[in-house]
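Student: What Swiss-Prot shows for this protein is this:
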type	residues	note
REGION	1-54	region 'Disordered'
COMPBIAS	39-54	compositional bias 'Acidic residues'
DOMAIN	112-284	domain 'Helicase ATP-binding'
BINDING	Ala125, Arg126, Thr127, Gly128, Ser129, Gly130, Lys131, Thr132	ATP binding site
REGION	326-363	region 'Disordered'
COMPBIAS	351-363	compositional bias 'Polar residues'
COMPBIAS	627-636	compositional bias 'Basic and acidic residues'
REGION	627-671	region 'Disordered'
REGION	683-711	region 'Disordered'
REGION	819-927	region 'Disordered'
COMPBIAS	847-877	compositional bias 'Basic and acidic residues'
COMPBIAS	893-904	compositional bias 'Basic and acidic residues'
Amino acid sequence: MSENEFDIAKSLFQDEADSDIDTRPRKRKAPTSLNLDVMADDNGDGDDGGSDDDAAFIAAHQASMNRKASNLKGRTVKKGGGFQAMGLNANLLKAITRKGFSVPTPIQRKTIPLVLDDQDVVGMARTGSGKTAAFVIPMIEKLKSHSTKVGSRGLILSPSRELALQTLKVVKELGRGTDLKCVLLVGGDSLEEQFGYMAGNPDIIIATPGRFLHLKVEMNLDLSSIKYVVFDEADRLFEMGFAAQLTEILHGLPQSRQTLLFSATLPKSLVEFARAGLQEPTLVRLDTESKISPDLQSVFFTVKSAEKEGALLHILHDVIKVPTGETEAGKHAREQAISGKSSKKRKRSEQNNPNPQESPTEHSTIIFVATKHHVDYIASLLRESGFAVSYAYGSLDQTARKIQVSNFRTGISNILVVTDVAARGIDIPILENVINYDFPSQAKIFVHRVGRTARAGRKGWSYSLVRDADAPYLLDLQLFLGRRLVMGRGQQESANFAEDVVVGGMARESIARSCEWVSKLLDEDIDIQNQREVAMKGEKLYIRTRNSASAESAKRAKDVVASDGWTMLHPLFNNEASQMEVEREKMLARIGGYKPQETIFEISGRRGGKAGDDEAIDMMRKIRSTMENKRAKKQDANQPTTDAEVPASALATTLGDDKDNGLGDDMDQDDVADMSMASDSELEVTFSYQSDKSKSKKKSGDKQSSGTFQNPEYFMSYTPAAHSFAEERGYGVHSGSNSNFVEASRDATMDLSRDEANRGFAEPRSIMRWDKRHKKYVSRRNDEDGSKGALLVKGESGAKIAASFRSGRFDAWKKSKRLGRMPRVGETENPGLGSTVPARGQKFRHNKEQAPKAADKYRGDYEKRRKKEQELQKRQAETGMLQFGSKGGTKKVKSEIRSVDDVRKARKLKEKRREKNARPSKKGKAR
């Protein structure tokens, strides 16, 4: 039957069709919407209306079947586009169902078919959208089972240990039912154990770049068998911190590999990832409009530097209302530790699979700070406040990091203080709140931070503390997100925390109480005071080394900070009591902004009544008039002349309110800048650059404002119409001075050989720095590759790597294990080496063999025990083992019969001893 034909036999013979398909008795309503009147035509014997009747019947039947399928209750209806339609094997589909995935997410639906088709893919989607499963599912489908040939086939590189652990967890869950071997190679773990893992011929390697490069150099690994490479959080991996490691790793990978790049923040241009070796990649960018979850409520508080600790305590106590003291999960764990009734097996199972009731509570909060010194300081401060706190940062010991994160996941602690090491990849269940104690310097870091909450359809809140110095970064974030900037309580009716960037101050009285408590604590506790001083020094270094904001945002920030809405009470505090706080803030602002009409010289001269002071009074009046004239001219120069030159700060605060303000009548809707999709030309029009440009525009008159030389009918811009410059700048890979490919390409010059040996004209000198330890100037190149003055050696790719990577520990490990030549790639694996890496689903069992107990004639099982003794004696006689001792222990007797190799070895040793003694034989003496 063709696709255009329709079978009506089931409708004509409904009972028979039902009996053939399903014999189970079930109640079913008759399709009431099926119109059978079309068959009861008066002219039914004619042929004129036959085709129309059939068409109407078929249409009615199809409509009824569609309604029937949608109205089925308690019965599942398979929809198109699921995992079943992707051609996955049965074991993998069972693992996906067991994991809880029913319908693939958009990134999985777009990516998995491309990966199974052996295409290179660059994928970007929001945090929490299932990117990890998008590359793990096709990897397991392609690798299928363990290969007996030596050589790993899959490699997943992650920028942090926590993200690698999260990926390992997903691989274990989705790889259940297969015998694939997977290893985790991260820093902080024992190198000797990882030597054993790699010797066991794993199929999948999940690693961080530093430790994997160390093992590659130390073990001289051959990566020619790698077929599947994944760069997770690719924009972070390709930054300057991992440049040397990736160069060496990529050099060893084969050209025929399949390369995948995934991250939540990726630019459109793939030039920055050219070193990854992509071959005709497919770019999949989803959710570019909604870069953060629509269920996330974002709040931005303006604070002063001295009030940050008090503002943090105010948020925790009064806004989030985090309870102090020990948590319920902590009490339960302490009671179990005291009682000791639970067995070791039960404790181990609870650690591996925490109870859902012991997961983080609704008060669970992550606090992001700038440096590890801030982590120590804030954790100690909150612990003194009575909160249950965990902490983690990059240089913390791996075991300690696991314990701290596990305490937060299981609910033993309510607060987790971390650096940006936890901004990518840590999947904390039921996380409600994120606090940015130090505002991020890049918009994409903010996206990764707040992406820890509001996942899987749950609501979440993010609170950010913004100082005056952080205002340019806030405006960069506003441009990146393409949202409206709402300041203070002036527009509290229209403020939307999920769709706007709402900025405002905090309640002065509450902050004052918290700041007073912090000051008292610092005076009493010398340890916390020392931690604060160290954190302040680390903050100075962090501010000097962080990426700078855009010039336009820095210019706009001056007007934004000077506005009244910057310090106005935040719309979040919308209650009756806050109205008094608003009036109090206004009064304090009036008092603080009071300026007397006359100077002290004029007031004292008038009071004195002396004639000699008239000259000083006249001089001060002239100076004041001159200053006022200059100030008025400066204000006139800064004012925009046209509607298109309105500052972006004022424009952003009024977006969406044009109809209310009357702008909709005078201004076309297309003239309003859409910050989410702003092109280069729109950015040039939106932002006024300098005052002299506005003066030149005044002179040009209406000629420039009326139109340009561009004919909109024929003009073709060099950038796409939907190109957002601010968005691409936020997604770009930031790596020190070379933060942009365009800027780096400008510095590139043609390298021509000179005919003179001296330095060429305008050639930059090699930048040096003073090394305090060695008391000499050293090159700054070592700072960029992370070696910091350490000894370097050249790798296989020519890149300089740390000399400590070739320490000889692998040779010592082989010697201790008495291993000879390791099998090479392509050879059959050695089964004896595979015991270090268990296959998926394999259980460890005790295989210790003990001698049977002596048979007792007076017991009922005498014959059974006697038979076991005879079998043991027979086995000992076959293997050359002799029984000794009264407990039935065994010992293998050394055979004194020498083999051919033993005889040859003994002869060589004898010859060496003879040459060493250098004594002539007795025959020689006789001659």
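Each Cβ is built from the backbone N, Cα and C atoms, and glycine gets one as well.
These numbers come from a predicted model, not from an experiment.
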Student: For the compositional bias 'Basic and acidic residues' (627-636), what are the DSSP-based totals of helix, strand and coil residues?
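Tutor: Looking at the compositional bias 'Basic and acidic residues' (627-636) with DSSP, the answer is 10 helix, 0 strand, 0 coil.
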Student: Helix, strand or coil for Arg126 (ATP binding site)? Use DSSP.
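Tutor: In the DSSP reduction, Arg126 (ATP binding site) maps to coil.
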Student: Any idea what the model's mean pLDDT is for the domain 'Helicase ATP-binding' (112-284)?
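Tutor: Summing pLDDT over the domain 'Helicase ATP-binding' (112-284) and dividing by its length gives 89.
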Student: For the compositional bias 'Basic and acidic residues' (847-877), how many residues does DSSP put in helix, in strand and in coil?
Tutor: 16 helix, 0 strand, 15 coil
Student: Within 8 Å of the centroid of the Cβ atoms of Ala125, Arg126, Thr127, Gly128, Ser129, Gly130, Lys131, Thr132, which other residues of that chain place their own Cβ, given that this set defines the recorded ATP site?
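Tutor: Neighbours found: Thr105, Ile107, Ala134, Ala264.
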Student: For Gly130 (ATP binding site), which residues in the same chain are close in space, meaning a Cβ under 8 Å from its Cβ, but six or more apart along the sequence?
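Tutor: Same-chain residues close to Gly130 (ATP binding site) (Cβ under 8 Å, separated by 6 or more) are Phe101, Pro104, Thr105, Ile107, Gln108.
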Student: Near Arg126 (ATP binding site), how many other Cβ atoms are within 10 Å of its Cβ?
Tutor: 24
Student: Work out the three-state DSSP category of Lys131 (ATP binding site).
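Tutor: Where Lys131 (ATP binding site) sits, the three-state DSSP reduction gives helix.
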